[in-house]
Amino acid sequence: MCLLIDAGNSRIKWALADTARHFVTSGAFEHASDAPDWSTLPAPRGAWISNVAGDAAAARIDALIEARWPALPRTVVRASAAQCGVTNGYAEPARLGSDRWAGLIGAHAAFADEHLLIATFGTATTLEALRADGHFAGGLIAPGWALMMRSLGMHTAQLPTVSIDAATNLLDELAENDAHAPFAIDTPHALSAGCLQAQAGLIERAWRDLEKAWQAPVRLVLSGGAADAIVRALTVPHTRHDTLVLTGLALIAHSA
């Protein structure tokens, strides 16, 4: 049994896995929220941790583990040149984020023998190009949908700050008015839709460019908290997989 922890900038996701491909239970919590209830969980043989949220998150994770399973062995996952069938094309492999690395490993296992473009929607939107043979060819990083909207609100004098929940409601309203969709006739709707279309445009352009460059079909795989919103703007085929990082961590743990 392995405890898997994926600490992102917005949330900490966790799972208990009894094999490389099966979670016994899982959950998620906000950084500032109450601790997860691990009181009934069986003791794992160790914890495998991907943390891109900094020192404070690392300290909290350590405290949570220590409170439930004192002295439990912990492995902080870092990207390497090659692991679990994936080779790292970064110029400096260790500088690739551990979440992106684990996600690549999870995606390669989930969609074996397929070329992939993996789009993950969180605080940042990341794109990873993964060849069918497991070679990570490189990626792109852009502001996430929420960060785009928040940045416009913070750094312009007259634009509002729109949250994801508010933007989702605004887009529902816009979709009901076919006469204007996808163009808006007021600022909050225009900001919400514009940032959403920017996300979708990035994904679709990258997918088409990759298929052209590789002269082969590429599966577009979507993951992350904002994927539900982005999907509504996409016009290309895609597949959802929302546990890529945890799946990758499970594979890493069971290969140790």
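Heads up, the Cβ atoms here are built off N, Cα and C, so glycines get one too.
Quantities reported herein were computed from a predicted structural model and do not represent experimental measurements.
In Swiss-Prot this protein carries:
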| type | residues | note |
| --- | --- | --- |
| ACT_SITE | Asp99 | active site, proton acceptor |
| BINDING | Asp6, Ala7, Gly8, Asn9, Ser10, Arg11, Ile12, Lys13, Thr123 | ATP binding site |
| BINDING | Tyr90, Gly97, Ser98, Asp99, Arg100, Thr187 | substrate binding site |
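Feature map: annotations from Swiss-Prot on the structure.
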residue: Asp6; record: ATP binding site; DSSP (3 states): strand
residue: Ile12; record: ATP binding site; DSSP (3 states): strand
residue: Tyr90; record: substrate binding site; DSSP (3 states): coil
residue: Gly97; record: substrate binding site; DSSP (3 states): coil
residue: Thr123; record: ATP binding site; DSSP (3 states): coil
residue: Thr187; record: substrate binding site; DSSP (3 states): helix
Cβ proximity for Thr187 (substrate binding site), under 8 A, sequence spacing 6+, ordered by residue number, returns Gln158, Leu159, Pro160
Record lists Asp6, Ala7, Gly8, Asn9, Ser10, Arg11, Ile12, Lys13, Thr123 as binding ATP; longest Cα-Cα distance in Å?
15
Among the binding-site residues listed here, Ile12, Gly97, whose Cβ has the fewest other Cβ atoms inside 10 Å?
Gly97
What recorded positions in the list Tyr90, Asp99, Arg100 lie within 10 angstroms of Gly8 (ATP binding site), counting C-alpha atoms?
Asp99
Would you kindly give the Cα-Cα distance separating Arg100 (substrate binding site) and Asp6 (ATP binding site), rounded to the nearest Å?
11
Taking 10 A as the limit, how many CB atoms besides its own sit near the CB of Gly8 (ATP binding site)?
23
Give the sequence-ordered set of same-chain residues, not counting Asp6, Ala7, Gly8, Asn9, Ser10, Arg11, Ile12, Lys13, Thr123, with Cβ within 8 Å of the centre of the Cβ atoms defining the ATP site.
Ala28, His31, Val52, Ala53, Gly122
